[in-house]
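**Student:** Handing you a structure now.
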């Protein structure tokens, strides 16, 4: 029997079967996809083959994971060589960002975007809590939106509290399985409650001491839109503190920064790393202001990930 994983509680997986029934399943101990060292062998969005519970008390279990169309993956933790898969078989991803309380850095944004580019997952940036922004915050919001829209990433300015911008965001999610990700405290749960009122997710507060969010979502789950096309759903994920990249070779990192990759076609050397080489068209474009300095800094930070000891958790 086949189905789709719609919830991961850590010890069990809720699978929606092709006949519409939902079953909690265990994962076989040797269940791993070839070539992936993951802390979670099964991810929400995975298409799986399951064996139902037997009459002799054997619980239902996941026998096989079907090949993934794509996924979003990150380094599991500091100095770790293992990965954590946030979601699989995605049509899109929404990265929820905030200018303040907590701050979403451009390095964090760009690491997420580069990973999504690597696995061909289109990303929408949703800047939340705009009802709380000061004039200075608004200026920063406009600066960031200008950078990312110029590259080709849609930017939505939204408020889960007032509802501003939500219709535009929701229209981009119609007919899609969309991963929702971001730091703890950026308002992911509040945003889902505003987009899908029946979701009724628990929301949390910001730590005033550290200006960071406190986890309210502890497991990943798929939530259907009742008022959009069939197949429209969000995957809610726990807050991410840092985003370490994986599986990116030194000479391919630039491929996942569209504006850097476009400029690199003019480089003198085919193996240019865009850091110091003579005749580097990327460095020239950077000097002319055609590439944002923040994006280039993020590019350099991913190059450093080859040395795991230099991974910095604030990303």
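Heads up, residue numbers simply count up from 1 along the chain you see.
Every residue, even glycine, has its Cβ placed from backbone N, Cα and C.
In case it helps, Swiss-Prot gives these features for our protein:
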DOMAIN    79-243  domain 'CP-type G'
BINDING   128, 129, 130, 131, 182, 183, 184, 185, 186, 187, 188, 189, 190  GTP binding site
BINDING   267, 272, 274, 280  Zn(2+) binding site
**Student:** Please report the three-state DSSP label of residue 188 (GTP binding site).
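**Tutor:** Reduced to three states, the DSSP call for residue 188 (GTP binding site) is helix.
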**Student:** At the Cα level, what's the spacing in Å between residue 272 (Zn(2+) binding site) and residue 188 (GTP binding site), rounded?
**Tutor:** 39
**Student:** May I ask for the distance between residue 267 (Zn(2+) binding site) and residue 130 (GTP binding site), taken between their Cα atoms and rounded to an integer number of Å?
**Tutor:** 41
**Student:** Would you count the other CB atoms within 10 A of the CB of residue 186 (GTP binding site), including those on all shown protein chains?
**Tutor:** 27
**Student:** If the Zn(2+) site is taken as the center of the Cβ atoms of 267, 272, 274, 280, which further residues of that chain fall within 8 Å of it by their Cβ?
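**Tutor:** Along the chain, the qualifying residues are 264, 268, 269, 273, 275, 277, 279, 281, 282, 283.
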**Student:** Sort out the sequence-distant neighbours of residue 128 (GTP binding site) for me: same chain, 6+ apart, CB within less than 8 Å of its CB, listed by position.
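**Tutor:** Result: 96, 97, 98, 158, 159, 160, 186, 187, 190, 191.
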**Student:** Limited to the domain 'CP-type G' (79-243), I'd like the whole-number average of pLDDT.
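**Tutor:** The answer is 90, the mean pLDDT of the model over that range.
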**Student:** How big is the Cα-to-Cα gap, in Å, between residue 182 (GTP binding site) and residue 274 (Zn(2+) binding site)?
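**Tutor:** That comes out at 29 Å between the alpha carbons.
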**Student:** Within 10 angstroms of the C-beta of residue 267 (Zn(2+) binding site), what count of other C-beta atoms is obtained when all protein chains are considered?
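**Tutor:** Looking across every protein chain shown, the total is 20.
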